[in-house]
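Visitor: The structure follows.
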Amino acid sequence: GDILDDYLRTGGVWILTRNKQFYKTNNEKECAEKCEAERNFTCRAFLFTRKKLQCLTLAENAKTTVMFNSTDAVLYEKKIYLLQCKKGIGKDYRGTEAKTWRGIPCQKWAEKTPHKPNYTPEKHPNAGLDENYCRNPDGDENGPWCYTTDPATRFDYCNIPECEGQVTHTGEECMQCNGEDYHGEVSRTKSGLECQRWDAQEPHMHGFTPKHFPEKDLKMNYCRNPDGELRPWCFTTSPTKRWEYCNIPHCTTQPPVSGLGSQCLSGKGEDYRGRIAVTESGNTCQHWNTQFPHRHGWIPDGYPCKGLEENYCRNPDGEKRPWCYTINSSVRWEYCAIPHCDGREQGIAGMSNVPVQVPLSEECYRGKGQSYRGITSITVSGKKCQAWSSMFPHRHEKTPDRFPNADLRDNYCRNPDGDSSPWCFTTDPSVRWDYCNLKRCDDYTQQ
């Protein structure tokens, strides 16, 4: 095949790297040959500039260094160094997993403590013994391993998934339900745009980084559905198109039947399929397939695996527990009282990271409310707040990693940008954001 088939191409970007070599070449293929023949370091990627016909072979790739916009440059990264899965025993694994299956951090291959290694970068220059990444320099049948930072455990194996298991997870390049479990390798949008890598912030800044969503399989630039959208999508490499859906066909096999779900509450209750249809305050639930009295985006036909039957309490969006819209026009939505599977009484005290009693000072705000850290998540118009880490139904850039000091937890009202009072994006597709149903602390003291 073509030598470039072993590389992932990203147009219009440049990466900063310490180790590089400059060459004059006529095209990308010649540049790839220079990368393959590089002897000064292990070549993991190369940059080719079309105007100057300049070729830069690189020791690093976008996973290990910073990426910038550069209209004339094209980045080619060796796929083997981007894969986060292993083939066979993983002798060729060059991913960045750096902890054992028990979660113990790995020791750097070049270091001598706490364990003196038999396998070092000097002795095995072609084994990819970079940093403290899991590797298999000796062809161990149990797969990639590392020396550990625990003095009592010299080495241990790493939990690296099989590539075949990830790529053919659905049996073919198709999706079940809304594609939330899609693990294929489609990396172009429905209009043919190339997808932006999930670990890159160019050309679009976003909060969906693999580090913050480790369970969402945000690998390379593959289409994924990390936020409960209608189907898999990606940010695009076009500066003028932030994101777009991908064209992934539905699998011919039927999705799991929703009726087989749990009849009681475990975890957040996302698999709850019981028939409770009344909220904890006694309001009857609105049917999911109606838009009255509350308009919403959770259409049963659009979300075939969320169990949105009748008006039963459900948790389609990863809320704290099952909820529903109510038939009370002045109460948009409420949580439902679902019995726990282990027989515990459900109450706010049982919910993790929610205080049993919120002090009065936390139910009001001072100044503009930038210091407010309460748990109110309802707007002045009664709308439910969208989680800050979610991009559904509204895409935005007010993410926890961009505003680390603003305490953007769950869907609690906050003021990360110095607005006049705490606010949030709403779960109503027709209302992007609204101020929250909170009073100033001064108002309490005046009463």
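Here, residue 1 is simply the first one shown, and the rest follow in order.
Note that Cβ sites are derived from N, Cα and C of the backbone, with glycine treated the same way.
TrEMBL feature annotations, pasted as is:
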| type | residues | note |
| --- | --- | --- |
| DOMAIN | 1-80 | domain 'Apple' |
| DOMAIN | 84-163 | domain 'Kringle' |
| DOMAIN | 173-251 | domain 'Kringle' |
| DISULFID | CYS174-CYS251 | disulfide bond |
| DISULFID | CYS195-CYS234 | disulfide bond |
| DISULFID | CYS223-CYS246 | disulfide bond |
| DOMAIN | 263-341 | domain 'Kringle' |
| DISULFID | CYS264-CYS341 | disulfide bond |
| DISULFID | CYS285-CYS324 | disulfide bond |
| DISULFID | CYS313-CYS336 | disulfide bond |
| DOMAIN | 363-441 | domain 'Kringle' |
| DISULFID | CYS364-CYS441 | disulfide bond |
| DISULFID | CYS385-CYS424 | disulfide bond |
| DISULFID | CYS413-CYS436 | disulfide bond |
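For each feature listed, report its degree of burial, its nearest neighbours and the pertinent distances within the displayed model.
Guide: For the domain 'Kringle' (84-163), the model's average pLDDT works out to 89.
Counting every protein chain shown, the Cβ of CYS174 (disulfide bond) has 16 other Cβ atoms within 10 Å.
Listed in sequence order, the residues of the same chain lying 6 or more apart from CYS195 (disulfide bond) and placing their CB within less than 8 Å of its CB are SER187, ARG188, THR189, ASN221, TYR222, CYS223, CYS234, PHE235, THR236, THR237, CYS246.
A sphere of 10 angstroms centred on the C-beta of CYS246 (disulfide bond) encloses 24 other C-beta atoms.
Sequence-distant neighbours of CYS264 (disulfide bond) (same chain, 6+ apart, CB under 8 A from its CB) are TYR272, GLY274, ILE338, PRO339, HIS340, CYS341.
Within 10 Å of the C-beta of CYS285 (disulfide bond) we count 22 further C-beta atoms, all protein chains included.
Sequence-distant contacts of CYS336 (disulfide bond), defined by Cβ-Cβ distance under 8 angstroms and a gap of at least six in the same chain, are ILE276, VAL278, THR279, GLU280, CYS285, CYS313, ARG321, PRO322, TRP323, CYS324.
Just so you know, the Cβ of CYS364 (disulfide bond) picks up 19 other Cβ atoms within 10 Å once every protein chain is counted.
Cβ neighbour count for CYS424 (disulfide bond) (all protein chains, 10 Å cutoff from its Cβ): 26.
The Cβ of CYS413 (disulfide bond) lies under 8 Å from the Cβ of TYR372, GLY374, THR376, SER377, CYS385, PRO422, TRP423, CYS424, CYS436, LEU438, each on the same chain and at least six residues away in sequence.
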Visitor: Could you say which of the disulfide-bonded residues CYS223, CYS324, CYS341, CYS385, CYS441 has its Cβ with the most other Cβ atoms inside 10 Å?
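Guide: Most Cβ neighbours within 10 Å: CYS324.
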Visitor: Note down the number of other Cβ atoms within 10 Å of the Cβ of CYS251 (disulfide bond), including every protein chain shown.
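Guide: The answer is 17 other Cβ atoms.
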Visitor: DSSP helix, strand and coil counts for the domain 'Apple' (1-80)?
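Guide: Taking the domain 'Apple' (1-80) as a whole: 16 helix, 36 strand, 28 coil.
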Visitor: Using C-alpha atoms only, work out the spacing between CYS251 (disulfide bond) and CYS364 (disulfide bond) and round it to an integer in Å.
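Guide: Computed Cα spacing between CYS251 (disulfide bond) and CYS364 (disulfide bond) is 50 Å.
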